[in-house]
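Engineer: Below are the features I grabbed from Swiss-Prot:
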ACT_SITE  D26  active site, proton acceptor
ACT_SITE  H54  active site, proton donor
BINDING   25-31, 53-55, K62, T307, R313, 339-341, 425-427  GTP binding site
BINDING   D26, G53  Mg(2+) binding site
BINDING   D26, E27, G28, K29, N51, A52, G53, H54, T141, R155, N232, T247, R311  IMP binding site
BINDING   T307, T308, T309, K310, R311, P312, R313  substrate binding site
Amino acid sequence: MNIFQHDIQDVGQGNVVAILGSQWGDEGKGKIIDILSKHSDITCRFNGGSNAGHTISVNDKKYALHLLPCGILYENNICVLGNGMVVHVKSLIDEINSIGGNIIDRLYLSDKSHILFDIHQTIDSMQENKKLKEGKQIGTTKRGIGPCYSTKVSRVGIRLGSLKNFEHFKSLYVKLIDNLMELYNISDYNKEEELEAFYQYHLLLKDRIIDVISFMNNQLNEKKKILIEGANAAMLDIDFGTYPYVTSSCTTVGGIFSGLGINHKKLNLTVGVVKSYLTRVGCGPFMTELTNEIGDYLREKGYEYGTTTKRPRRCGWLDIPMLLYVKCINSIDIINLTKLDVLSGLKEISLCVGYRSKATGELLQKGCYPVDEDAPEHYEPVYEQFEGWEEDISNCESFEELPENARKYVLAIEKYVGSPIVWIGIGANRNNTIMKK
């Protein structure tokens, strides 16, 4: 079954589909978003900023997207950045210019999203470097995401809508930057140069900044096909993730409604993207981590290095209790399983199917997950073992063509999670995706 022949409606009822990461990010969301955005009218982002990243290949050309939705690469697609985002405008403009063409005419920015300034990035670096010296680093991308959300919730941040009236924006800007320079003892900061740049951004973007809530609801009323692109992933959610080793936004399904302003009843289908093994960038608990040659094998074969930071990712076995916890939050309808090909060549594959208390020996209740930073001190993973396979599976065209042991592994994941696996990624290229009937 060729996935390119199928519309998003072939995998669920309704026109509004969300693609959400179900682990610690880097699950490979970009590929399925890219595939489905060809068939959608509108592609949206609702959270985060340039700390996220997708690398998409179209017509043998690679595009690194950090702020723009994947749909921007298709002429029939309108793209929306929602109010839940923090936007580093220079990075956005650079991304627009790197793609070329008149793509800005297909882009709308929420007037309620917040502007991320260079000073936010300066503060982020200062804070992370201080934590590093104390041995308490979070492992942020130093893109200024946390400090920008901090000014937002402190009610001193500047919304993108302010940029439509430059004189008003200028007064807000000077007040904010002066306050932050004093608060963080920053003496070397070129406000005049940044203001000059923002005047050009004002001229370029003033007609692209709109009331996204009204726009989105009009599109919903017109029954447009809407693809919602989640940045980061569930276990990095500010509330539900492995706090404090998380991002600063709501990365789970609730962020869609608060970050785009659409009615929760309008979402028809939630796709949970799940990597066939587990990875994590930066610090924080990782109870199935492999610090041996198998972990190195997964990292090198899967090229597990950050799209945004190029940092090596920590690798480990797939964690079923994590997926059940995320399913409780996101109500995952179907699963896109990615990078199954990376497991080829392993003699044995472990699948974490539970956690046992080190103190009592009792198994953790289904749907619960130990997210506290000291969780590894109190729980140990329970594994089920699977025989591996040697074959290269990247040329398989159907689920039935996969090696028997690969099929057994996939079916076990499906059984434990209780949501159907619809797509399986078996290689790096866009067409290395099979549909499981």
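A Cβ is built for glycine as well, from the same backbone N, Cα and C atoms used for every other residue.
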Engineer: How many Å lie between the Cα of G53 (Mg(2+) binding site) and the Cα of K310 (substrate binding site)?
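Structural biologist: Between the Cα atoms of G53 (Mg(2+) binding site) and K310 (substrate binding site), the distance comes to 11 Å.
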Engineer: Using other CB atoms within 10 angstroms as the count, which residue among the binding-site residues T55, T141, N232 scores least?
Structural biologist: T55
Engineer: Would you find the one among the recorded positions K31, H54, K310, R311, R313 whose Cβ has the most company, meaning other Cβ atoms within 10 Å?
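Structural biologist: Of K31, H54, K310, R311, R313, the one with the most crowded Cβ is K31.
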Engineer: When the Cα-Cα distance from R313 (GTP binding site) is computed for each of the recorded positions D26, N51, H54, T141, N232, which gives the smallest value?
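Structural biologist: It is D26, whose Cα lies nearest.
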Engineer: With an 8 Å cut-off on Cβ-Cβ distance and a minimum sequence separation of at least 6, pull the same-chain contacts of T309 (substrate binding site), or say none.
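Structural biologist: In sequence order, T141, V281 meet the Cβ cut-off.
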Engineer: Let's check the environment of D341 (GTP binding site): how many other CB atoms sit within 10 Å of its CB?
Structural biologist: 22
Engineer: Measuring Cα to Cα, how many Å separate G28 (GTP binding site) from N232 (IMP binding site)?
Structural biologist: 11
Engineer: Using DSSP reduced to three states, classify K31 (GTP binding site) as helix, strand or coil.
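Structural biologist: Looking at the DSSP assignment, K31 (GTP binding site) belongs to a helix.
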